[in-house]
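Residues or ranges marked as repeat 'PPR' by TrEMBL: 180-214, 215-249, 250-284, 426-460, 461-495, 496-530, 531-565, 566-600, 601-635. The domain 'PROP1-like PPR' annotation in TrEMBL covers 184-313.
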Amino acid sequence: MRSRRLLPNLLPRLPKPTYLSAQIRQRSNLSAKSGHDAAESAAAADPARAVSLLAERNWFERINSEFAAPLRHLGPRFVVRALQQAAAEPLLCVRLYVWASRFGQHFARDRNVRRALGNALWRRGPVVLSSALVAEVQGCGCVISEELLCVLVESWGRLGLAHYAHEVFVQMPRLGLRPTTMVYNAVIAASVRAGAVDAAYLRFQQMPADGCCPDCFTYNALVHGVCRRGIVDEALRLVKQMEGAGIRPNVFTYTMLVDGFCNAGRAEDAVGVLEKMIEKGVEPTEATYRALVHGMFRSLGTDKAYRILSKWLESHPALHHRDAFHTLLYCLSKNDMAKEAVELVHKMSNKGYLLGNIMFGIVISCAAKCLELSYVCELVDDFIKKGGKPGFDVYILIIKSLLSCKDISKAQKYLSQMVSDGLFSSVTSYNMVIDCLSKADQVEMAKEIVKVMQESGFLPNLVTFNTLISGHSKLGNVHEAKAVLKMLMELGFMPDIITFTSLIEGLCHTHQLDDAFDCFNEMSKWGVRPNVQTYNVLICAFCSAGNVNKAIDLLNKMKMDGITPDVYSFNAPISSFCRMRKIDKAHKLFTDMLRYGVAPDSYTYNTLIKALCDERRVDEAKEILLSMESSSCIAANQHTYWSVVGALTKIGHFSEAGEFMNKLHKRNAHLGSSA
């Protein structure tokens, strides 16, 4: 390991620094400017400037001269910003921390400062405590403090370098430091994080010899370590030892025990820990309930976990279990247990709990997949009646479901509710609803929403108009689509690829192919380049009209224009040639498709195989079927096999037909066993 090679010269015996030398006092002397000048320099302080100074050779003198005075006014927040700015260079972060720590413990021990430094050391580390680094720090009249050592040790633990942390620990006297409980805790926690629980125990047992007393953090780190390994009985022994030493287990201790018992499959013991926790007067947190609920679902399965947890919650009516209810609802919803989730919602309602918008949205998403829509609407109405306000996503989900069932009046009711609840806060939110309505063929309702949008002070954008054009075109209302296009241009918008493609699709839908082709040709005048979807709309339309040659011309033009065709570009003409019994042309197009690097889909294969079988060209059909079976992405279905079996039977190849039948049965049996 690299750290072992560095260790012999890791911490040379350096003389202790003279803290009060005249030279250091001169360097650390704060500016004698007035309070007004200090405030001005504080306002002008730039973290990026501080970081640039740290990278210079004489970094200490430079940063001290420019930032010593304003630092008192800037406080730890400035140090955090500078650490985040220098995060890509962890050595600069160490320099900054060493320098700032000289101005008071509130810099060295600030939680946010230590977190920012620790994150930089972990993400871009490791920073090795080499002799050169120690000499650099001490050469500036500073020291490797206990706080800095703890942050370094923590970063080594996160990087899996627990062994290195222990090697540095035994050489602490060379730094002028002696072991303390805080340092021991850092080394023990780093060992546990790196998976070296045995090394953590070794330091734990050494603490009394150095006059250090374990505290709650020490025991919690060890409990966490053994629980992660599944040794929950040892965790219990540690807790008893902890209590015997007069140290009260806290919420973290109990939460780790709950998680440990769940991971060990001992659900009843996990519940017992929670009850003991409550009995001892320690209030469970959301993390505690998450550990219990998720752990039981993970170890017991969904049904059994729900039975045990719901029974436990009902047996403790005096306790506030909002977090437990929410976590249980989340697990039920994510496991599609809609009936149980709704049942729990009713129980919570009877206890006076009203779900928050986010959790209610999760439950409704599950209920909409599994329960009757009318019942889901009742849940939403009841939630609103009790003072709840469903979120935007909940309304969209319900409206989409109602529109798919053609229940327009109810959809309008919820749209009105959305408006009254003030859920339309941007053009994007309006566009989402307009798109939802247009896709459900309710373009007139979509236009009404556009009016509401304008009355509310929001101007439609190009997305709004394109959505309306697409909706009208889908219904074949080309005249209305053109009217929207005119409005779009009057408001100063330029049509884009979506605008043109939607118009072309509408014209094709109404069999106005000449106009559609004219529109296609006009795109270049507007500086809009067709894409593969535009070409596909026209290719499919010409194929449907029986003009396959025109479709092939478009396909060739697409290639010449540098636009890569997709499987849909080829499927329409292949299908048309097959219908026209021009199998050779279809087969040639299929070959061109493969040569061009476009992967056929099941529709391509099935169309061509069936056409070949109808023409009794069974050998060619079998070749394509073999090619289909060799494709890892596409599986031949029973209709494909039946086409080949029927063709073989017609030409009297009964034994071979029987072989294909057996192959089909074996394949179906294999799929059934896999399922």
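Placement of Cβ uses the backbone N, Cα and C atoms for every residue, glycine included.
Those TrEMBL annotations? Automatic predictions, nothing curated.
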What average pLDDT is reported by the model for the repeat 'PPR' (461-495)? 91
For the repeat 'PPR' (601-635), DSSP counts of helix, strand and coil? 26 helix, 0 strand, 9 coil
Quick test of the contact rule: Cβ under 8 Å, at least six residues beyond the ends. What residues does that give for the repeat 'PPR' (566-600)? 532, 535-536, 539-540, 543-544, 546, 548, 551-552, 555, 558-559, 607-608, 610-612, 615, 617, 620, 624, 628, 631, 633-634
Of the residues in the repeat 'PPR' (566-600), how many are helix, strand and coil by DSSP? 26 helix, 0 strand, 9 coil
Mind checking which residues of the chain, 6+ beyond the ends of the repeat 'PPR' (531-565), have their Cβ under 8 Å from one of its Cβ atoms? 497, 500-501, 504-505, 508, 511, 513, 516-517, 520, 523, 572-573, 575-577, 580, 589, 596, 598
Tell me the residue counts in helix, strand and coil for the repeat 'PPR' (215-249), as DSSP assigns them. 26 helix, 0 strand, 9 coil
